[in-house]
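Working notes, beginning with the structure itself.
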Amino acid sequence: MEDAQESGECLVQNQKYCVERPIYNQEILQGQLHKRERTPQSLRQKIEHSCRCSSKKAKSHLYSFLPILKWLPRYPVKEYLLGDIISGISTGVMQLPQGYNSTNATDASDYYSLRDDKRVQVAVTLAFLSGIIQLCLGFLRFGFVAIYLTEPLVRGFTTAAAVHVFTSQLKYLLGVKTSRYSGPLSVVYSLVAVFSKITTTNIAALIVGLTCIALLLIGKEINLRFKKKLPVPIPMEIIVVIIGTGVSAGMNLTESYGVDVVGKIPQGLSAPAVPEIQLIPAIFIDAVAIAIVGFSMAVSMAKIFALKHGYTIDGNQELIALGICNSVGSFFQSFPITCSMSRSLVQESTGGKTQIAGALSSIMVLLVIVAIGYLFEPLPQTVLAAIVMVNLKGMFKQFADVAHFWRTSKIELAIWVVAFVASLFLGLDYGLLTAVAFAMITVIYRTQRPQYRILGQIPDTDIYCDVEEYEEVKEYPGIKIFQANTSLYFANSESYTSALKKKTGVDPCAILAARRKAQKKHAREIKKANKVKKKAVLKLVNSSTNDVEASVKHEIANDGLPANGKFAFVDAGVQDGSPDELEHFVEPKTNVHSLILDFAPVNFVDSVGAKTLKSVIKEYNEVGVCVCIASCSGPVMNELTRLNFFDNTVTRELLFHSIHDAVLACQGKDRSASQTALDH
């Protein structure tokens with residue numbers, strides 16, 4: 001492999017190319033190219049085209065709406081089925097309720113029954129409305145917002161979510177009774193509540209939970225080490241549930257040691273019913289928040305698995321799927337849903353590959369509700385808590401991101417930390433909103449704080465690099481090549497011009513101001529000298545006649561000196577001077593005759609940026625520096641044209657195809673100007 005790599009490097013080094021062509025600016029290049037003719041479409045034609053349907057287009061839309069039609073016929077049964085079955089059962093077992101309280105359903109008073117029924121109706125209507133909102137957003141292609149959930153944001157957010165889940169399971173692991181908290185600082189309140197009752201820990205529940213954690217960790221390690229030899233991962237979750245249920249039933253942990261168990265699971269499904277539509281105005285804002293946060297959490301987990309297993313996700317499809325689940329499920333008295341972090345991690349770690357695992361998990365839950373729920377009634381809640389906690393291990397490994405981002409990118413580290421801290425203390429909804437807003441601010445910050453460089457040529461090539469970074473790179477005398485790795489728009493136009501003046505060492509405003517100051521000073525000195533000549537006092541010796549005085553005055557007027565005699569003359573060194581002397585001694589000049597702006601990194605220019613660019617060209621021209629633009633892309637050219645950037649003073653002749661074209665053109669122009677000066 002190394003020999004092949006070395007051979008390839010030698011081959012590249014030995015290869016050369018030689019191109020001989022004219023120097024191209026945009027004026028010449030556009031004159032030689034012929035644009036393709038495009039017939040503009042009317043609005044009606046565009047609508048007709050979008051509504052036109054062929055069999056191929058219909059099939060494509062159907063597959064995008066129902067992806068199962070595409071992958072299910074190609075499902076590799078031998079490779080995936082066993083893993084999906086084990087994963088589905090393991091995940092289904094985890095859906096067993098923790099702390100279900102059956103007293104309200106059987107022995108509660110009418111007051112509590114009515115209260116609970118009303119709560120159910122609110123949850124059902126909320127699920128229906130949030131589902132409709134998600135469907136609308138999906139059909140409106142709102143899923144593009146998933147691109148703003150960057151990897152550091154997602155990983156910080158999911159790490160905080162893992163802490164939330166872990167904290168919520170502590171009370172089940174320790175067997176203590178605490179209230180459930182939600183909203184800002186819920187993690188803090190939950191931890192305070194648990195540790196305030198730490199003395200009431202149920203030792204039996206703790207021992208059972210820790211034993212399950214140890215078994216799960218051992219099983220996970222075995223699955224990891226023998227991954228290639230095992231046909232499917234060992235289903236430790238199922239094994240632990242079976243053992244925990246058997247031990248609890250055999251030893252009667254509930255009666256003997258007070259260990260909390262799952263308890264009675266109501267059997268059967270409620271009859272379908274229409275949600276209470278009259279509640280919609282009161283819960284609309286909450287439904288919007290739940291729809292967006294639920295989508296964001298689902299996409300965050302999906303992105304983590306997509307990055308791990310090398311596939312892509314469609315945000316619009318996720319919205320449609322969530323919308324269907326919520327809206328249809330609401331008719332069967334379901335509450336709003338999103339992904340479950342712990343269950344998703346269990347499904348992935350136990351060998352689940354496709355949605356078959358999810359379908360089997362749902363079937364498992366259905367069997368528990370309809371038929372076999374009584375089998376799991378003795379299952380200790382601490383066992384389920386242990387399963388959840390162990391499967392959060394992968395999420396907690398994301399704390400290592402702090403060291404990674406510290407080495408690679410401080411800005412991405414800031415995004416991770418803000419996403420984690422905000423989601424941890426403000427709650428997942430407000431935390432996600434804060435993290436997204438902060439990520440957007442970092443984008444603005446990066447565009448306003450770009451890197452500015454002066455480029456030079458690698459000798460005997462047309463390649464230009466940063467002169468401060470490489471020793472071999474040399475600048476052309478009298479030519480400055482400026483590059484900024486950002487677009488030019490209203491937010492960074494001032495910093496762009498400031499950096500341009502600082503990096504090139506040429507400030508037109510300062511040069512013009514110095515020129516005006518020198519000219520004013522020279523004018524004052526000439527004026528002062530003239531006044532001195534008129535008021536010169538002559539001290540004559542050996543002559544006091546009027547004729548002599550007249551003769552002396554006449555000579556002073558003509559020559560500035562008497563024919564004979566002695567006198568003092570103030571500031572005799574100041575002369576009017578010729579125009580050439582004035583230009584040489586008075587007007588400040590720069591040794592830079594050409595300035596090239598590298599526009600290769602520029603993606604767009606707005607009206608403020610175009611005006612700034614035009615002002616730069618004008619200011620530098622006033623001090624004798626020609627400004628050229630190199631490597632301007634087609635879209636940016638079109639934007640400049642649309643913004644009326646080009647006129648009689650700023651033409652397309654100032655825009656060049658590449659930096660090297662601009663350099664050669666500037667050198668030719670300077671030689672021509674020097675020759676003209678010599679001729680004169």
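From the backbone N, Cα and C atoms, a Cβ is placed for every residue, glycine too.
Annotation comment: TrEMBL describes 469-666 as domain 'STAS'. According to TrEMBL, the feature transmembrane segment maps to 122-149, 187-218, 230-251, 279-299, 356-376, 413-445.
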>> Can you work out whether the transmembrane segment (230-251) touches the transmembrane segment (279-299), with the criterion being 3+ CB pairs under 8 Å where the paired residues are 6 or more apart along the chain?
In response: no
>> Give the nonlocal contacts of the transmembrane segment (413-445) in its own chain as ranges (CB under 8 Å, at least six residues past its ends).
In response: 148-150, 152-157, 159-161, 163-164, 182-188, 289, 293, 296-297, 401-402, 405-406, 491
>> I'd like to know the mean pLDDT over the domain 'STAS' (469-666).
In response: 76
